[in-house]
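A.B. asks: As listed in TrEMBL for this protein:
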COMPBIAS  35-46  compositional bias 'Basic and acidic residues'
REGION    35-55  region 'Disordered'
DOMAIN    188-612  domain 'UvrD-like helicase ATP-binding'
BINDING   Gly209, Ala210, Pro211, Gly212, Thr213, Gly214, Lys215, Thr216  ATP binding site
Amino acid sequence: MEHRASESARAEALRAEQSYVSMLYDRLDATRERAEASLRGEHGRGTEGGTHQARLERDVSAAEHARQVSRLSSIERGLCFGRIDDTGGERYYIGRASLRDARDELVLIDWRAPAARPFYTATPSDPGPLVRRRHLHTRGRTVVHLDDEVFDLARMSEPERRALVGEAALLAALRRGRTGRMGDVVATIQAEQDRVIRSGLPGVLVVQGAPGTGKTVAALHRAAYLLYTHRETLERRGVLVVGPNTLFLRYIGQVLPSLGETDVVLTTVGELFPGVRATAHDSPEAAVVKGGARMAEVVRAAVRDRQRVPEGDLTVMIDVRTSVRDGVEVVVERMPLRVDHATCVRARDRARAVRNPHNIARKLFVDSALTALALDEARQLDLPMDEEDLRYARATLWSRPEVREALDALWPLLTPQRLVAELLSDPALLRAASSGPDGEPLLSPRERRALLRPAGSPWTTGDVPLLDEAAELLGEDDAARKAAAREDRRRRDDERAYARGVLEINELTEVMDARALAERNPSDAATLTTAERAAGDREWVYGHVIVDEAQELSAMAWRTVMRRVPTRSLTVVGDVAQTGSAAGARSWAQVLDPYVKGRWREARLLVNYRTPAEIMAVAADVLAAVDPGQAPPISVRDGEAPPRAVRAARPELATVLPELVRAELALVTGDGAGRLGVLTPDARHAEVAALLPEAASALSAEALDAPSVVLTVTQAKGLEFDAVIVVAPDEILTQGPKGGQDLYVAITRATRRLTVVHETELPPMLARLRD
Ligand SMILES: Nc1ncnc2c1ncn2[C@@H]1O[C@H](COP(=O)(O)OP(=O)(O)OP(=O)(O)O)[C@@H](O)[C@H]1O
């Protein structure tokens, strides 16, 4: 009887919530229709008439409406996911955006608004103003389930779960099979994550946490929160998210759009220099040298080394008289112009003294040198030389290829690409750049050998900070900028010609102006989003920068990142216990003190939402062996199966591994969800991938969508899989100075099942798997 009564009360509650949620979707539809109508209106106003300014404004306004329509579409799924009832008898609905009803009453509160905060922070021991929190689970527009928490202390569970909010909803979310893409967690953000998300905009916030504690997910929600709270500042300047590799960026790429935010640039350090897409990797030894802060000095010295004076005097042979014979121009007389050594040194020192970047200072050097050459020419030819004559003589000399060539050899116009490529492939240039200012060499012969590579080698991620450093010291290459402007004009002319063609074909030339049509091209800078403009501009200054897997960045990479955010408004996310790169961080102080000593704050996340307790116990043994100072996180979930070890001698791998993959896949896939990752030592990747032709690899387009994928540990950083198979743990352990950290990372990628395939004795730190 009682049971039936509660059944019907639940059904009634569901009906009531359904009617509220339906009302919300009606409001969403109405708002979206209004935005679509405005967009149609902008387009309908056509191209005719108006000044260029008016046309531009129409384009910008249409682009804004289009963005609003896409934002409203992106919040469709799970529009409303929560409700809070407070002690004053008020109730509020929480969702992905704020909505008002026809009377302008707030009917849905954006999850980022201050009024929504108790939804995330209330715990049984500290419920704040709440008497009840309700999670609404929806499928499409239908409410399918409700989870209620009534806050009375008698409900307290075991100690570490006391801090959890929305336990039932959280556990349901965590148990779901992985889809290969990170999703948003707005409905189940935990109190410790909420503190990270809503921490103030200024200054540096470090989010340190063990694997699976939700650092990435919290950082992305923080980006959405900051954009909501500081829309004015951040929409103009944009937010930059730096991740470890492109696979990871694809993995997290859906989170912000699903929260309705698109003004965010997602990139790797390898892509931070526009025009260069670095994907190759340095050897560990080269990475350490290249990532060290000393390289800033080396690049500086390399630039100075390209500002030369000749050993003795400077002599330039110029052609003074030419005649035309049989239609061919021939030189009949040549004359040496001379500048003495001391004058050359003075010209160089004067140009350096102004402390302008190399390409800008070059003008000063060239001017001094041309003056000296012109004076020598006048002396030899016995010509008069007033100011006017001198100006003319300098210009004439500069137009001579032989003069340009001579001066270019002394103080060349340099692009960052040329400077760095030549530095790293020419032993003499590298040796010259490595002799420090006080005679102490900046790099040892061994370090120089580690850096040297054949000319024409592909760019590595470690080169990008050097290119950025060089760009700062070289200054904007005027010639390159002018060439880009010329190219831009040419493109516009082409667009105009094309537009004219279109008009002619449609016989519209009478009523429409080709320039107007061309200028309505959406590639127009005014209609680009902040993110699009920022991504193409090396000197763009962002409003906020988030660095994920930040422990992997070298000292040089930090210089590159910091240049993009002079206000030092950053979120630094990572785990120093997971540092895999030999050039990476050992502590946050080591990384941040050079920039913001004593002015950064740290938040720690302690609860692991990814890895079940049994698997985490194995990972904790590894952590204790490789980094005893670090505490492992607390897992919120138990696993469905104990982790296991399978021994297979190398020749057997070809049969054992495919069988294991098949069996594990059968256990974790279903409903289009469920993923398996096979994680290998770097040196074994190709061999293992060949044994598993059905599995994707990191570079393939399906890497995230295929049911199974073979990755090295570095490629798997930040990702997760329902089932993980770790191959040859002993080789992972010894593959580099950070092999122990790599094994720790590999084991903590599993959300449900872990299998370790070993060919030799299990390493002692994995002894737990033997039982
Ligand atoms: N509050 C939450 N609600 C639901 N799921 C969550 C929550 N917090 C974290 N998760 C899930 O836990 C998993 C791990 O999160 P995330 O990848 O952000 O961790 P991380 O700390 O960055 O891990 P790593 O250091 O290993 O990269 C993800 O699947 C994430 O969606």
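The backbone N, Cα and C atoms fix where each Cβ goes, glycine too.
Thinking about packing and proximity, how do these listed features fit into the structure?
C.D. replies: Looking just at the domain 'UvrD-like helicase ATP-binding' (188-612), the mean pLDDT is 86.
When secondary structure is read from DSSP and collapsed to three states, Gly214 (ATP binding site) falls in the coil class. Less than 8 angstroms from the CB of Gly214 (ATP binding site) sit Val185, Gln190, Gln193, Leu605, Val607, Tyr609, each of them six or more residues away in the same chain.
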A.B. asks: Inside 8 A of the center formed by the CB atoms of Gly209, Ala210, Pro211, Gly212, Thr213, Gly214, Lys215, Thr216, which other residues of the chain have their CB, for the recorded ATP site?
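C.D. replies: Everything else in range on the chain: Asp575, Leu605, Asn608, Tyr609, Arg610, Pro633.
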A.B. asks: Near ligand 1, which of the binding-site residues Gly209, Ala210, Pro211, Gly214, Lys215 are found, taking a Cβ distance under 6 A to any of its atoms?
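C.D. replies: Among the binding-site residues listed, those whose Cβ sits under 6 Å from ligand 1 are Gly209, Pro211, Gly214, Lys215.
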A.B. asks: What does DSSP call Gly209 (ATP binding site) in the simple three-state scheme?
C.D. replies: strand
A.B. asks: Measuring CB to CB from Thr216 (ATP binding site), give everything in the same chain under 8 Å that is also at least six residues away in sequence.
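C.D. replies: Spatial neighbours, sequence-distant, of Thr216 (ATP binding site): Met182, Ile252, Asp548, Val573, Gly718.
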